[in-house]
Amino acid sequence: MSGLEKWTFLVLSATEFILGMLGNGFLVLANGSSWCKNKTVSLSDFIITNLALSRIVLLWILLVDGVLMVFSSKVRDEGIVMQIIDIFWTFTNHLSIWLATCLSVLYCLKIASFSHPTFLWLKWRVSRVVVCMILGALFLSCVSALSLIQEFKIYSVLRGIDGTGNVTEHFRKKRNEYKVFHVLGTLWNLPPLIVSVAAYFLLILSLGRHVEQLQQSGISSRDPSTEAHQRAIKIIVSFLFLFLLYFLAFLITSCSYFIPGTEMVIMIGEVVTMFYPSGHSFILILGNQKLKQTFVEMLWCEPGLRKPGFKGPFAP
């Protein structure tokens, strides 16, 4: 790989890292200062703050991994270094994805309107449901990180087996076991994706029914409830789009275990991977009236811009 390609990768990674730190850092500071000032925090702000914190850690892990890949690939490929990076990456990756999913479910239960008994039961207990999801996300993230131990044991065996001669049956068996564990590891991302897609379709159905009722009543469709539906749908759709790119990039980087000599492909995967935790933070800022107003004030350094009586993302 040429020096130009390496420096291009470093510049892109550093740019995404800086933008991601600015966006996620702003979310933490804005919600944190509001929390300290008001001595209370809403469930949505709590999720967004922890989501931003997990992505800050994730961005640091990705940056360190990229720097090691460029300047010290041998150190990066050593067993202990790779295990430390993968364990922290796996934990923060799954925690970040599940927290974003919890946010999608919260939007859906707060905004969507259905008369089905199951949905009403969940809607009336929205705080309890989301808190249970957060605790479950933390548990699943720990389990996914601990599951890497067995995968690393198999990988260590593979590295110790000499495959230059006749490939033994033991080698084939261990290699197949490693591939199975590695593929199953990527499947941890599917449940939160399915839950987010379900929340998206429920919001679409709720918005369609709401607009139809307004048209039958002769009321303008530009009411606060419709705008809340549309705002939540934009946030969830952006999450799904970025997450699909992130998932594909994650698969590309995971293939580095099986395909030697693919440094350029891995670097592209790393750049695309960093785009998700960086870009989604700005979508969350623009989708929240309070955060958007604070962000504009910070950019223009005009504290008098804020208008009284702003409405949050769940305001009717």
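Numbers run from 1 along the shown chain.
Including glycine, each Cβ sits where the backbone N, Cα and C put it.
The transmembrane segment feature in TrEMBL is assigned to 6-30, 51-71, 91-109, 129-149, 193-211, 232-259, 265-286. The domain 'G-protein coupled receptors family 1 profile' annotation in TrEMBL covers 23-284.
Within the chain carrying the transmembrane segment (129-149), a Cβ under 8 angstroms from the stretch's Cβ atoms is held by residues 43, 47, 50, 83, 86-88, 90-92, 94-95, 98-99, 101-102, 105-106, 109, 122, 181, 185, 188, all 6 or more beyond its ends. If one looks beyond the transmembrane segment (51-71) by at least 6 residues along the same chain, the residues whose Cβ comes under 8 Å of a Cβ in the stretch are 6, 9-10, 13-14, 16-17, 20-21, 23-25, 27-28, 31, 81, 85, 88-89, 92-93, 95-96, 99-100, 103, 263, 266-267, 270, 273-274, 277-278, 280-281, 284.
Each of 6-30, 193-211, 265-286 was scored by its Cβ pairs under 8 Å to the transmembrane segment (91-109), and the highest score goes to 193-211.
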